[in-house]
Amino acid sequence: MNPVTLLPLTVAVLCTLPFALAQVLPPVDRVLTRLSIHAFGGYVDEFRSEHPQRQAALRAAHAPASYREYGARSFVYALLGGFVGSVTGVYLIWAVLTVLSIDAATLSSSLPDLLAPLSAIAAVGSAAPTTLLGLLLVSGLTLGVVFGGVTYWLRWWYPGYVASRRARAIEASLPSTVAFCYALSRSGMEFTEAIRIVARNGDAYGQAAAEFDVAVTNMDAFGMDVTAALQLMGRRTASDQFREFTENLVSVLQSGHSLSDFLERQYHDFQEEAESQQESILNMLATLAEAYVTVLVAGPLFLITILVVIGFSVGDTVDSLRAVIYVILPFGNLAFVVYLSTVTDSINPGRSNQPSEGALGPGSRATLPDGGSVVTGASALGDGDVDPTDGHLSPTRHRLAIYERLRWVRGVLASPFRTLLDRPDRLLWVTLPLAAVIVLLLIPRALEAGITAIEDALVVLALVVMGSYAVVYERHRYRISAIERAVPDLLDRLSSVNEAGMSVIASVDRVRQSDLGVLDDELDRVWADVRWGADLQTSLWRFEHRVRTRAVSRMVTLLTEAMNASGDLATVLRIASRQASADLRLDRERKQVMTEYMVVVYVSFLVFIFIIAVLSAYLLPSLPTESVTEATGQQLDGPIAALGTTDTDVYMTLFYHATVIQGATSGFVAGQLASGDLRSGAKHATLMTLIAFVLFTLVL
């Protein structure tokens with residue numbers, strides 16, 4: 001190969017390097033942004049008024065860039081995509097033709113006379129510079145235009161996609177957010193302070209908190225009053241439902257009507273809307289489950305059966321079977337899972353929180369061993385103290401700073417199983433690299449004896465990765481579900497005891513002596529913190545940090561803030577209890593209905609594997625081992641002559657791979673349908689893959 005022929009590809013790779021570095025190096029990103037604005041900023045500003053929907057999408061998506069900056073960089077990305085696409089397209093086509101053993105002469109004979117010069121693409125490795133330049137020009141006018149146009153379109157499509165996802169997340173968290181504001185308003189807190197609290201607790205209230213944070217920023221940074229800030233927030237939000245709520249809220253604030261009564265009505269309306277929305281989504285999931293069984297289970301099974309029969313009776317259909325098994329099955333299921341996730345996002349906004357290491361409460365508060373607290377930063381310094389951020393640390397402070405940075409590492413090493421139960425995704429940080437190393441070690445064996453020599457090892461490896469993750473994740477999910485089931489009861493009991501006249505601390509002491517299941521030990525630890533001198537707020541923050549669930553975060557936030565606003569917490573706790581019970585009821589109804597769809601996927605997979613097993617156990621062994629021509633001693637033509645000439649081992653291998661692929665993908669689809677979370681499909685994928693593995697290795 002002439003090294004000159006690789007020069008365009010090298011240039012294309014080097015052109016992408018600055019954009020890759022910009023993702024991790026802010027100075028490079030700033031330079032690219034300035035160059036983009038200098039080159040295309042004026043053009044973007046000139047046509048700004050013609051694309052108001054793009055500006056609205058950027059605001060709704062909370063994109064960290066202005067319209068001028070984003071538009072200028074979109075043009076740069078489009079040019080880069082067109083150039084890189086045209087260059088890499090030439091080399092990819094050449095690579096495919098080389099793999100298929102198609103030379104320039106063969107390609108030239110297959111092309112029309114007008115396109116015959118393009119046959120030189122099959123000999124790019126030895127092409128002259130002028131020929132290569134001509135191919136690149138043709139590719140630039142075709143593939144380059146396509147890649148550039150698609151890149152530009154994707155750049156402007158993406159903000160709208162993010163905005164639509166944010167809209168679903170906002171509407172999913174809106175009932176609990178309104179209930180929180182309603183409860184705080186009943187406690188006597190000003191509404192301005194209530195929305196500040198919501199904005200500070202994004203982990204608990206999701207994207208609705210991010211919207212309120214916009215209003216808080218406008219009030220604090222730009223001096224807007226609360227109504228003007230809320231109006232601007234409503235105009236720029238991604239959710240129509242949230243926009244309507246904001247408009248009504250502003251009207252109530254301007255008219256002077258009772259805010260608590262308005263929030264109570266809105267709370268009930270949003271709860272009814274959530275129930276109605278869940279019902280419509282569940283009906284859609286029923287349709288999707290039926291479509292999945294028809295299109296991605298029965299359809300491929302029908303194609304496989306027909307292709308096998310045609311292959312045995314007419315001719316070789318192995319390539320078509322491979323296309324069905326290795327392309328249609330995995331990518332079809334992948335596309336279905338991606339679409340399904342967009343549907344289930346609105347009813348499954350998430351449960352667990354993942355706070356940063358050492359985060360025990362709002363702000364930068366660190367908890368001391370005696371239960372007290374200290375505020376970090378320069379504001380906590382007294383006379384004569386040394387600011388730990390000025391670079392002149394005493395040896396003791398230096399050791400303490402190192403300890404704080406490495407505390408999370410010590411926690412992981414001290415209790416790795418607890419860490420995995422709290423964050424099951426970290427298990428994949430270990431198992432996936434180990435699996436990749438094992439696969440690399442198996443590659444030489446596969447190159448010598450073929451992929452069939454290591455297929456069982458690959459399946460076992462996949463079972464170990466999925467099975468280990470399923471065990472850890474299910475234990476994590478069971479813990480979260482148990483805690484969420486206990487939260488409404490806890491709030492209700494606290495409310496009842498507080499109504500009887502007990503103080504908050506006495507109420508916690510009385511409730512902890514009752515049976516609350518999984519929360520018993522945690523409440524005992526809260527009380528132990530109080531007895532050792534910690535205030536109740538710090539004890540609750542520690543409780544939230546240990547449990548790490550969204551329901552507990554909402555409860556702790558509401559309880560601690562209401563304690564600061566009013567001593568009478570009974571009404572606040574009662575409202576929170578009703579909201580938690582309503583969420584739990586919706587979740588229980590959703591699980592009951594979605595479990596039926598999971599059963600449908602299981603039944604369809606069992607039917608799939610049963611048909612494949614019948615074909616493997618009865619059809620393949622009954623076929624003749626020699627062709628009809630060899631058996632009769634006569635020279636025959638036509639389809640009959642092909643009978644018995646197909647290698648049944650090839651079909652057996654394809655059947656094996658089909659069941660394994662279908663089992664793994666159907667398992668994740670079942671998990672997505674059952675709980676709305678792809679991770680819960682790990683156990684279903686493990687079970688279905690194990691069934692296929694046992695069937696073909698031990699039974700057939």
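Even glycines carry a Cβ here, placed using N, Cα and C.
Residues or ranges marked as transmembrane segment by TrEMBL: 75-102, 141-158, 291-312, 324-343, 427-447, 453-472, 597-620, 654-674, 681-699. What TrEMBL lists as domain 'Type II secretion system protein GspF' is 182-306, 491-615.
If you look at the transmembrane segment (324-343) against the transmembrane segment (654-674), you find at least three C-beta pairs under 8 angstroms, all six or more positions apart, and that counts as contact. Between the transmembrane segment (453-472) and the transmembrane segment (291-312) there are fewer than 3 Cβ pairs closer than 8 Å, counting only pairs 6 or more residues apart in sequence, which means the two stretches are not in contact.
Contact check: the transmembrane segment (654-674) against the transmembrane segment (427-447) gives fewer than three Cβ pairs closer than 8 Å, residues 6 or more apart, which falls short of the contact criterion.
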